[in-house]
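Trainee: Before anything else, here's the structure in question.
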Amino acid sequence: MFKWPWKADDESGNAEMPWEQALAIPVLAHLSSTEQHKLTQMAARFLQQKRLVALQGLELTPLHQARIAMLFCLPVLELGIEWLDGFHEVLIYPAPFIVDDEWEDDIGLVHNQRVVQSGQSWQQGPVVLNWLDIQDSFDASGFNLVVHEVAHKLDTRNGDRASGVPLIPLREVAGWEHDLHAAMNNIQDEIDLVGESAASIDAYAATDPAECFAVLSEYFFSAPELFAPRFPALWQRFCHFYRQDPLARRRENGLQDEGDRRIVH
């Protein structure tokens, strides 16, 4: 179990969290020992700074809390935990939840409807998740609800709303937008050809630039082999922004055998 000297007087108990057990999930299996240590330190700080609020009778064990914190910190591992400033609570439902959604169509009419959501990220408010999809985010499958919502938070640091362009130098914005829209068009072409269910990238990525950035961030961290060869130029932009290269990391450190990568509950 990791123990941090700088947290010796911490009354929160985060220094005694089951960090090593929390690391035993496929999406984190390729991290080096140095990266694991850094992620653990960052996750401990995350739990100091944020409040995880379990809703509707859900109970979060210390292991659950540790893994949630690690997934939040993975995208900002090299950016710094300050990139997660701007919210103080993470609300967690047991399962996907129903919300009242309001939206305006192309001619200005406002519509209201009840929709099922997996997660939400409010610009100046909490992140909302559900436990069923958080558990699915432990796998290296291309799906990661936590990374998706963190990407939206990072996206909105660049302005009033999520645009698909995170906080990058102004000189890089045009190239980013070009490559992102090219990826959206490519994904839509595949959907038109084979259908949403058979598409190799989640069809949600084709809906708008903000969702494309969030969905591809999921693949960036949990299924880089599906992202990098298909969109090499955009892949390099993601590597530059996140200051990580999950595909190179995976090749350098190697993935453990399936028997060694089982999730410990």
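The backbone N, Cα and C atoms fix where each Cβ goes, glycine too.
From a predicted model like this one, the values you see are computed outputs, not experimental measurements.
Quick paste from Swiss-Prot:
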type    : residues                       : note
BINDING : HIS111, HIS148, HIS152, GLU211 : Zn(2+) binding site
Trainee: Once the chains shown are all counted, how many other Cβ atoms turn up within 10 Å of the Cβ of HIS148 (Zn(2+) binding site)?
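Mentor: Around HIS148 (Zn(2+) binding site), other Cβ atoms within 10 Å: 25.
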Trainee: Within 10 angstroms of the C-beta of HIS152 (Zn(2+) binding site), what count of other C-beta atoms is obtained when all protein chains are considered?
Mentor: 21
Trainee: What is the Cβ neighbour count of GLU211 (Zn(2+) binding site) at a 10 Å cut-off, with all protein chains included?
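Mentor: If we count other Cβ atoms within 10 Å of GLU211 (Zn(2+) binding site), we arrive at 21.
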